[in-house]
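Annotated in TrEMBL:
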TRANSMEM  20-40  transmembrane segment
DOMAIN    27-479  domain 'Major facilitator superfamily (MFS) profile'
TRANSMEM  83-102  transmembrane segment
TRANSMEM  114-133  transmembrane segment
TRANSMEM  172-193  transmembrane segment
TRANSMEM  205-224  transmembrane segment
TRANSMEM  286-308  transmembrane segment
TRANSMEM  320-344  transmembrane segment
TRANSMEM  351-375  transmembrane segment
TRANSMEM  387-407  transmembrane segment
TRANSMEM  428-449  transmembrane segment
TRANSMEM  455-476  transmembrane segment
């Protein structure tokens, strides 16, 4: 069996014994705090880069452009600076590179070890950024933050998917996205507060406070057990049994443990998971590992999240108003994510993907139309307060759609589809592709805003149309399927079944009653 998927001989998805315990809920909530560091960084970056004190100290040319904008000067281009975007996007280059090493650490030493290392790196990076005296120190700090986020994003989604019972895997895994949205919202509040200080060091408080979510994740991870899947993978079967009994709340875990052991034995036959994931039977996994995180970023969400204050400032909001608008969109992000958590295991993944895609498409076209008509491609127009607030409302509609669809599902679905023999490599590809496209968009956004103007929103709307069609045709429903039996899903799919042959699905150990 090359695929490592396990299933009953009759082809039906089976259900393991056990119940949802307070212990598994607690461990997943603690692990999910890894999303705080990712979210806080996304939220704090855009706010800091819109603060005059920060720009004047590190990016004086951008500061002068901003002050000169208006009249005949295009406001679309006031923040167009490759050095400024390099500050933001350097984190994602570091994350992209570090995720390869995170994959090896996660597989060899467990998911918990990666979370601890990621938290420590992020802590150091936030300290350097807080005391930075020049752009070089800023970028060194950002690189360390990227290493921290790379390790956390590699380990946390896997940890949540492996610890959670199948019937609640969607909701518990989405704790990662919920923590990310909370981090974005808190960063917005911090930026709003520090932006009012006018002391010259408000931005330092914003970036240094990134140490708080790093401490929360690091200290929380110290007390966490590793996942049964990881323990089995490393030959610690007695510990795996004890952990599985504790998180399932029953002594009768033999069937589930046996499936993990069989999956691990099959995985050990694969010397190189990176070459294995390229084999035909893993074609659906590879396509999803690349397409889903790519599409997640091509929605344009990180443009809105980490450039929100810059964007709102561009279309006419004042300094405080632009920061408060980012807080409002961040709050919408948090509440909409709760909708996804409450519905993902009831209605499934595809319903949320499709509804969110349609809602994002409509709101992006509407924003592009308003900005193109009233703000003008010359960038010299003015939006009335009513129209500016309408743009804010439409952006909130867009953020809500993302927050209950591509936001959490972009992490959930990839984390639950890989067989054990390629799981670490597959998740590494997911994180790497995510960082790659986040970097590309972060690096190009301000330049694209300057050249495409309102057409940029139409471009992202076109991407959303394509990804929605991709979901309709190629993404299977994974709700309620045990993680070690996921190959059944591919076998039943109209397109992917030709890649997953019968000899790739091995009859599993019968369930004991």
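Including glycine, each Cβ sits where the backbone N, Cα and C put it.
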Next item on the list: Sort out the residues at least 6 away from either end of the transmembrane segment (20-40), same chain, that have Cβ-Cβ distances under 8 Å to it, and list them.
Entry: 115, 118-119, 122, 145, 148-149, 152-153, 155-156, 159-160, 163-165, 167-168, 172, 175-187, 209-210, 213-214, 216-217, 220-221, 223-225, 246-249
Next item on the list: Mark yes when the transmembrane segment (172-193) and the transmembrane segment (455-476) have three or more Cβ pairs under 8 Å (sequence separation 6 or more) and no when they do not.
Entry: no
Margin query: Using Cβ atoms and a strict cutoff of less than 8 Å, what residues sit near the transmembrane segment (114-133) while being 6 or more residues removed from its termini?
Written below: 31, 34, 37, 102, 105-106, 140-152, 154-156, 159, 204-205, 207-211, 213-215, 217-218, 221-222, 224
Note to self: Are the transmembrane segment (172-193) and the transmembrane segment (320-344) close enough to be called in contact, which here means at least 3 C-beta pairs under 8 A that are separated by 6 or more residues?
What the structure shows: yes
Next item on the list: Report, as numbers and ranges, which residues of the same chain sit near the transmembrane segment (351-375): CB under 8 Å and 6 or more residues beyond its ends.
Entry: 299-300, 315, 340, 343-344, 381-384, 387, 390-391, 394-395, 397-398, 400-402, 404-406, 409, 453-458, 460-461, 464-465, 467-468, 471-472, 475
